Amino acid sequence: MVTVGVIGGGQLARMMIPPAVNLGLDIRILAEQEGMSAALAATAVGDYRDLDTVLAFAETVDVITFDHEHVPAPILRELQARGIPVHPGPDALHFAQDKIAMREKLSEIGVPVPEWAAVTNADELSAFLADNGGAAVLKTPRGGYDGKGVRVVRSADEAADWFATLDEDGRGGALLVEELVDFRRELAQLVARRPSGQIVAWPVVETVQKDGVCSEVFAPAPRSAGRVAEMAEQIALTIAETLGVTGVLAVELFETTDDRILVNELAMRPHNSGHWTQDGCTTSQFEQHLRAVLDLPLGATGCHDDHTVMANILGGPTEGTLADRYAAALEAHPTVKVHNYGKEPRPGRKVGHVNVSGSDLDEVAYQARAAAAFFQD
Ligand code: ADP
């Protein structure tokens, strides 16, 4: 039996398990701790920053992939040196691990990005602010997620604490500063690419964030047919091919008020903006990721319905579990599909999501929001 090894035990690894079962694949997880979301599959527990731990795990599988971007490149290169396939590989993953490297690379290959600079002190930040209308977005290049490590600044003083800790581990020696993009909405484009080159795209989607965390996804993005969809797809295909990404690539985009499409972020793994594909598409992002990392033919990405809306369940109930709410929620919303990550409810935490499809966008959006509301207080 072919065995896929996933580093990281969160919900993304968990959601690879059903398609692995369907395809008759063995899937093993290297989780950060006991009892994580993906512990339904055979799970080893250990530190993904420790070479011996990762090597011991990798020796039990045929291919290594990830549910997060944080495994250090030297460890991945060592796996490759020992003949263990790693997808995406460290050369591509670098651009999802470091936002400054990503901005540099995308600028170099001509992909549209916000105005940006790497800054190491207050004077450089002040100069950027002066050139960009007095406001900017400052980001730590490494280790950020869900808006952590992102801050709007209007003066260099507001960055003093980050500059003071710049040399500490993980900060990368510089901060990324960007123009404060005047965007109409945020979009995401998912593609999947296999090592031998086949590449497929799903329709571009609109993502809505609340406090820096994705709350809803509309698929396909309303009013995107034609130019917007073509630009988004072309950008993601270019990035996947030029950077040699294998597996799923998610490209987070801004649609600006003056009708430009700019790249915000890259993720080289299944992504929250693709959860709708589980119930809305012929091939889900999780199945596609497995097929891609095994270099199997990729599946069709067509949609079952005109619209699918995904709503995240953020925080969950203040008492009890999601399952305690099933009887009422499923009774009220028979068209809704619930995905429960098996995580402890905690304020703001992503503990599950719902997907709903149909032909009337307002109705589908209403059903998704109302169903998600059953699971959060
Ligand atoms: P993370 O990697 O933590 O998710 P992102 O770089 O994706 O951080 O930024 C999180 C959110 O902050 C984005 O979804 C967007 O809403 C906002 N944001 C990020 N960069 C900019 C920018 N240059 N201009 C305006 N808003 C931004």
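Residue numbers in this text run from 1 along the chain shown.
Heads up, the Cβ atoms here are built off N, Cα and C, so glycines get one too.
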Binding-site annotation, TrEMBL, ATP: partner of Lys139, Glu178, Glu179, Leu180, Val181, Glu186, Asn264, Glu265 in Lys99, Lys105, Lys337: Lys99
Neighbour tally for Glu186 (ATP binding site), based on other Cβ positions within 10 Å of its Cβ: 20
Residues near Glu178 (ATP binding site) in space but at least six apart in sequence (CB under 8 A): Arg103, Pro114, Glu115, Trp116, Ala136, Val137, Leu138, Lys139
Same-chain residues at least 6 apart in sequence whose Cβ lies under 8 Å from Lys99 (ATP binding site): Lys139, Thr140, Pro141, Arg142, Gly144, Leu176, Glu265
Binding-site residues close to ligand 1 - of Lys99, Leu180, Glu265, only those whose C-beta is under 6 Å away: Leu180, Glu265
Chain-internal residues, separated by at least six, CB under 8 A from Leu180 (ATP binding site): Asn132, Gly133, Ala135, Ala136, Val137, Val152
Glu178 (ATP binding site) - helix vs strand vs coil (DSSP): strand
